[in-house]
Protein chains: 2
Amino acid sequence: MSNSADIDDREEGLKFQPKFDASGLVTCVATDAATGEVLMVAHMNDEALRKTIASGEAWYFSRSRNALWRKGETSGHIQRVVEMRLDCDQDAVWIRVEQTGAACHTGRHSCFYRKVEAGEGGARLSFVDADRLFDPHAVYRK
Amino acid sequence: MSNSADIDDREEGLKFQPKFDASGLVTCVATDAATGEVLMVAHMNDEALRKTIASGEAWYFSRSRNALWRKGETSGHIQRVVEMRLDCDQDAVWIRVEQTGAACHTGRHSCFYRKVEAGEGGARLSFVDADRLFDPHAVYRK
């Protein structure tokens, strides 16, 4: 169990001590350094975090593929990290990036291309900023 | 298992079908609608998501307290939702909010008040935008 001295140290200290979840991951939010738009939410394990810090380019850990993943390794759409920040309890990372091309595997600049609004009978979605910058079938050949 | 028709529907459709994890949660990123700054990363369960959409104010689910949580219920520092978006695979939510006071329980405007940089012998942290807007001990009395 954490005690309050541990919490104070993690929240108020300057020691880098990421708090990985049971799967060994922290959450990472990438925003466009120019516009502030959220591009994607993904995960990093210890190795992805270290490689991102050392290289200045975003590395993630893919839960679905269970593998370390250099962003853009297939598509060429890399993310250059302008700044990395860590949240209060050190279990979430925010990177401001210069995105080459598109962040989303669907071909959109951002993964957040649908808006949610209250509607009768429940929430409804609509497309917003949903233009494709590339054709995913051409880029990710199977 | 998901098949590709399910994936297409979730990624390209306009049906709201959030993909909750094994704990029944989606990740939520809240950014400041005025500045684009990431304020916090937290989680929502189905009820928190519905209440947020219906009320226009942010509700979360606290994993540490295992409880639904109206943001600002103790501190008064509520978040009015300007826009909600959903990501490609519908397991992450982005809300742009008007933040009353400070988002972070430590008293800072944002939870991301420390910068991470590469250093000799590993990453190092430094404070940035870390001024406290309130005294957490006065607000969260025990």
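Every residue gets a Cβ built from N, Cα and C, even glycine.
TrEMBL annotations: computationally assigned, not manually curated.
Predicted, not measured: the structure shown is a model, and the values here were computed from it.
Marked as Mg(2+) binding site by TrEMBL: A:ASP87, A:ASP89, A:ASP91. In the three-state DSSP scheme, A:ASP89 (Mg(2+) binding site) is classed as coil.
For A:CYS88, A:CYS104, A:CYS111, the entry in TrEMBL reads Zn(2+) binding site. Residue density at A:CYS104 (Zn(2+) binding site): 23 other Cβ atoms are found within 10 A of its Cβ, drawing on all protein chains shown. A coil conformation is recorded for A:CYS104 (Zn(2+) binding site) in the three-state DSSP classification, outside any helix or strand.
The domain 'Phosphoribosyl-AMP cyclohydrolase' annotation in TrEMBL covers A:40-113.
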Worksheet item: If you count Cβ atoms within 10 Å of each one, which of the binding-site residues A:ASP87, A:ASP89, A:ASP91 comes out on top?
Response: A:ASP87
Item to complete: Count the Cβ atoms, other than its own, that fall within 10 Å of the Cβ of A:CYS88 (Zn(2+) binding site), considering every protein chain shown.
Response: 21
Worksheet, complete the sentence: On average, residues of the domain 'Phosphoribosyl-AMP cyclohydrolase' (A:40-113) score a pLDDT of 97
Worksheet item: When the domain 'Phosphoribosyl-AMP cyclohydrolase' (A:40-113) is classified with DSSP, how many of its residues are helical, how many are strand and how many are coil?
Response: 10 helix, 31 strand, 33 coil
